Amino acid sequence: MVTVPTKLGSSLNTLEYVISVGIGSPAVTQTMTIDTGSDVSWVQCKPCPNPPCHAQTGSLFDPTASTTYSPFSCSAAACTQLKEQGNGCNSNAQCQYIVRYGDGSSTNGTYSSDILKLSSSDNVKSFQFGCSHAESGFDDQTDGLMGLGGGAQSLVSQTEATYGKSFSYCLPPTQGSSGFLTLGATSGGSSKFVTTRMLRSSQAPTFYGALLQDIAVGGKQLGLPSSVFSGGSVVDSGTIITRLSPTAYSALSSAFKDGMKQYPPAQPRSLLDTCFDFTGHDQVSIPTVALVFSGGAVIDLDANGIMFSNCLAFAATGNDGSTGIIGNVQQRSFEVLYDVGKSVLGFRSGAC
C-alpha cells in the first residue's frame, strides 16, 4: 500500500485535483491532475514550445537529463497496446501517442517509460507514460495528468501486481486542506463505507460505473423512474460538475429551489443554471442532497459537494438515456474506494 497527498489545484488555475510525484533519475517533481476517467498518464516534456504547450509552474521534464528514460519503439507491446491512442511512429521509430478528452482538449508526443517515485520508499520501475510535446485546450499550470482508469495503461493497472486491484482517494473541499490517494486501499471491512456495485463494460474498460436509483433533497427521495438512470453513471475524478439526465436534473433543481425560497434567484453561471442571490446573508442554509445508488446505498453529500459558488453544482446531460457523470465536487471530503477486484464502489464521509 502507498499513499500520496492530494490537493485542490486552484493555485494552478484548475478546479481539478492534483498529486506531486517524481519522474526520472534524478527524480523531477511533477504535479499531475488525477483522472479516473482516462488511462494514459503524461507530462509535458522538453522540447515543448509554448504554444503548443501550456505554461506550467513546475520544471518541464527533460527526457535527456534522466538516465533511466526510455522511449518505446513502434514494435513494443506497450505501443501496440495503445490502440486508438496510438499515433504512429516518429522519424526515430519511436512510438507516438495521442489522447483526446471529452472536453475537446488533447495531448500528443512520445510514449515512454521511466522510474516513477510515489514516496520516499515507493518506486514504480518502467512506468509507462506519454512525453507530451504538443497539446491544446489546457489552460492550467499543472505538469500533466495521471490516468487512474481501468484500462491497461493506467497507473492502477500498471501497479496491480504490487498493490492489487483497488485504490481510494479523498478530495479535500478547500485549497488549504489536504487529502490522499492510496494504491492498494481496502475498506478493511469497515462499516463506515456505504457501498454499491461497480459496473464495468468490456467495450469501455476505462470507466468505473455505478447505477443511480434516485436523488433525495431535504431527506425526501424524489421517486424518479429507473428509466432516467438507465445509462448508468461514471464516477470521474477528472470531471468537476456532476451531470444528470435532463429529467433527473429538472426534478432535483425544482426540489432544491423549493428549499431555497428565502433567497432570490440569480443569473446562471456557465453550465450552472440553478443559482441564488445571497447578498446580505452572512449565513446560508441549504437543503441536504443525497445520491441513492443500487442496493439502497444512500450517499449524503457534504455541504461543499452541493453548491459551487452560489449555484447548485449539477448540470443536465443531452438526453435521458445518456450516461451520467459523478464529478469531483460531489465527491469532496469522501474517501471514494474503487475495489476493482470485488466490483465494489465505496464512500466514507468526512475522510478529509
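The chain as shown is numbered from 1 upward.
Cβ coordinates are placed from backbone N, Cα and C, and glycine is handled just like the others.
Remember, TrEMBL labels are computer predictions, not curated facts.
The feature active site is assigned by TrEMBL to D35 (among others). Around D35 (active site), the same-chain residues six or more apart in sequence whose CB sits under 8 Å from its CB are E16, L145, M146, G147, L148, G149, D236, S237, G238, listed in sequence order.
Annotated active site per TrEMBL: D236 (among others), in sequence order.
Sequence annotations record features per position, and here TrEMBL assigns domain 'Peptidase A1' to 17-348.
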Subject >> Collapsed DSSP category at D236 (active site) >> reply: coil
